[in-house]
Amino acid sequence: MSIWELLLAFVVVLLMLVALLANVLVLMCFLYSADIRKQVPGLFILNLTFCNLLMAVSSMPLTLAGIIYKSQPAGDPVCHAVGFLETFLTTNSMLSMAALSMDRWIAVVFPLSYHSKMRYRDAALILSYTWLHSASFPTVAASLSWLGFHHLYASCTLYNKRPEDRTQFVIFTGVFHALSFLLSLVVLCFTYLKVLKVARFHCKRIDVITMQTLVLLVDIHPSVRERCLEEQRRRRQRATKKISTFIGTFILCFAPYVITRLVELSSVVHISSHWGIISKCLAYSKAVSDPFVYSLLRHQYKKTWKDILNKILKRSSINSSALAGESHSRNPPQLNE
């Protein structure tokens, strides 16, 4: 193996381990906290978490084996099954992010009617659509034998081995990425830009009230005034940073891989196998970033996993104290004569 292949293998191992750890932590928070389970967005996050976990235990290990052995790491039935699952999970993840953005849009733009517009039943219907949508493309690909090991990406994925099916496969791939990546990106941009518009409007209202208060409070200390103005600036930047993170990570992780898949179909531009694997690793990195972007960095999840950690540490402390007490009772101290 060359140094590049060793480096790429290390990256895949790192992505796999971090994705497993982070998504398992999100799952633990969901199971531990009743408040998180009551929230409708929790269903979308749970679906996204399961997609990321399955990606980490199915597609990533085979890609790692493909990089190491430079050939198909398993038999055709296993590779076809993993290719089907990879296509399904990738599409499902994209649509789950779009569903989360729709939920935020309704919550921010229509706050008074949110609970009537987005109920558990509505979330279940949206998830049902994402599953049907996600399963349709790999089902068609499997029926036409368009799943297999692709050396360019060292993974089991969409792949056409028959030259006579090239035109049909090009059309299929274009429609697939248009109705998965492009559709999700359009929904993300539309909903989050609407959310940003409302957030900026509210920030302007708060800024006006703050400035009026500072003008009225003539004797206010300069340090307090400066802290108020600093909080103003942070408030204006907070919504922009969050929305930029949501859209930016989606584009950064998925766009290189999707563009590479489309450019590959032209058969004019030569694509390096190293770049193909790098673009695949960027797509895998979404399974790593999602737990932090959508869950673990939020206050509610932070509090939950800290409570879980404290409970584990407290239980281990109680057990160690009990063992120490039992040992002390069995071996009482003896007085020196």
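Including glycine, each Cβ sits where the backbone N, Cα and C put it.
Features of the protein shown, as given by TrEMBL:
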TRANSMEM  6-32  transmembrane segment
DOMAIN    22-294  domain 'G-protein coupled receptors family 1 profile'
TRANSMEM  44-69  transmembrane segment
TRANSMEM  81-102  transmembrane segment
TRANSMEM  123-149  transmembrane segment
TRANSMEM  169-195  transmembrane segment
TRANSMEM  243-263  transmembrane segment
Mean predicted confidence [pLDDT] for the domain 'G-protein coupled receptors family 1 profile' (22-294): 87
The transmembrane segment (44-69) and the transmembrane segment (243-263) contact flag, 3+ Cβ pairs under 8 angstroms: no
